[in-house]
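Enquirer: One structure, as structure tokens, below. Some questions next.
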């Protein structure tokens, strides 16, 4: 009986999340008042997607510079981010937009190859000067910087030298890079994020090969010249965990006492809903969570990989030694969650997918889908992978609370895209009611997770302030609450969603009707106001 009770206590959180339905919350209005005092609202970006100026300021090349030039066919419109939205030159204007929206914070990333053009060696003073200027400009407007150290753009020099994240050498180099940033900027930056979406880096860069550095072995290297999809993702993830822990402890030893900052990591996390009520699909949904969020959260919380991963991946999963356990477990002050959508999950009984692909993505023995019985889980956004499922963010928050002990969480990315096409005129693009509804309903569910379920969620970052270059999608989709006119000097024009955020962050409740927020004629007149003026 005693052992049975222990089993019940272990399984209880799992039972609560997957078996007890949460109310699906939808609200016609939402405001800052629906969140606790001190809750942070901000927007998010990354260096490669926003900065441009890839050949200015003595910046070195990154793996994404190389990837877009050597493999342009892997970008939907064959584009690159050489210019993108040119925030490198326009950040003062963009900060004014954030201030106008009443945002509290801005999450951006530092380009490693701007600080160290060769990955290591001499610090580039031009890079330090640029980020000092950006940080100072944010603080001058009362906006807190949340700084990501790595958002996918490894210096190409390190990829050439020792194959980047596949080598244990990268741990020391990342620690040195992090130390340099803490020393240069930590007197003003109090929230650091070591890595953005390490799961995405591992799978998309080293399993499917659709993102930099483009390594895979699918169908006998049909898609990639180099790589091993069943092994390399696990090595990369392991080295990223060690690098994160090294940066965390470097901060604790050298900077924490004086700077009083916090160190986190941003993990991409879908919610997985069982396809049916049968036990095998419920187990599959839990495995999907293990192979996604749990791949990194379990080591940080418990000091080891999830049991399901150790069982299914076996010897291909690197071992966390007792020494690593001491370093990795508890190596965070908060967790960032990047959440966009929810999928159905069912058990892969036949394992044919695994037999054919021989890759890490099929190790979990889970098949996911946005459809059940021919019905979509939610309305589709611009991209086929993104369906709008607001209740998923609440279930995810409760899962993190119940499974991982309710750590401090920031939603470091949430947003939706719409198609960018020459056949969509500006007037239609500015009237983005769907985006307003998306954020209203996701925020309503997040508020319920905080107020009703007692989840320790402390902030919400919109992806994104501006339309921008979106990795494999290039410029074919728009995530911004500001429209970027790519044909007219990269002019920033507020969409209805921008004015909606301005209203709710000013303390007022707001409807989702864009006609009550901003007239499209007014938005057109405001183009001149937001045009770039050289400083």
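Residue numbers in this text run from 1 along the chain shown.
Using the three backbone atoms N, Cα and C, a Cβ is placed for every residue, glycine included.
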Enquirer: Of the residues 248, 251, 340, 344, only one is listed by Swiss-Prot in the beta-D-glucoside site with 49, 151, 196, 197, 413, 463, 470, 471, 479. Which is it?
Expert: 340
Enquirer: Using Cα coordinates, what distance in whole Å links residue 49 (beta-D-glucoside binding site) and residue 118 (N-linked glycosylation site)?
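Expert: So the alpha carbons of residue 49 (beta-D-glucoside binding site) and residue 118 (N-linked glycosylation site) sit roughly 21 Å from each other.
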Enquirer: Among the recorded positions listed here (216, 413, 445, 489), which has the Cα closest to the Cα of residue 463 (beta-D-glucoside binding site)?
Expert: 413
Enquirer: So among 118, 197, 471, all listed as recorded positions, which is physically nearest to residue 413 (active site, nucleophile)? Use the C-alpha atoms.
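Expert: Among 118, 197, 471, 197.
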Enquirer: If you draw a 10 Å sphere on the Cβ of residue 489 (N-linked glycosylation site), how many other Cβ atoms land inside?
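Expert: If we count other Cβ atoms within 10 Å of residue 489 (N-linked glycosylation site), we arrive at 11.
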Enquirer: When DSSP states are folded down to helix, strand and coil, where does residue 413 (active site, nucleophile) land?
Expert: strand
Enquirer: Across all protein chains in the structure, which of the recorded positions 49, 118 has the highest Cβ count within 10 Å?
Expert: 49
Enquirer: So, three-state DSSP: helix, strand or coil for residue 471 (beta-D-glucoside binding site)?
Expert: helix
Enquirer: Which one is closest to residue 445 (N-linked glycosylation site) in space, judged by CA to CA distance, out of the recorded positions 118, 216, 224, 340, 489?
Expert: 340
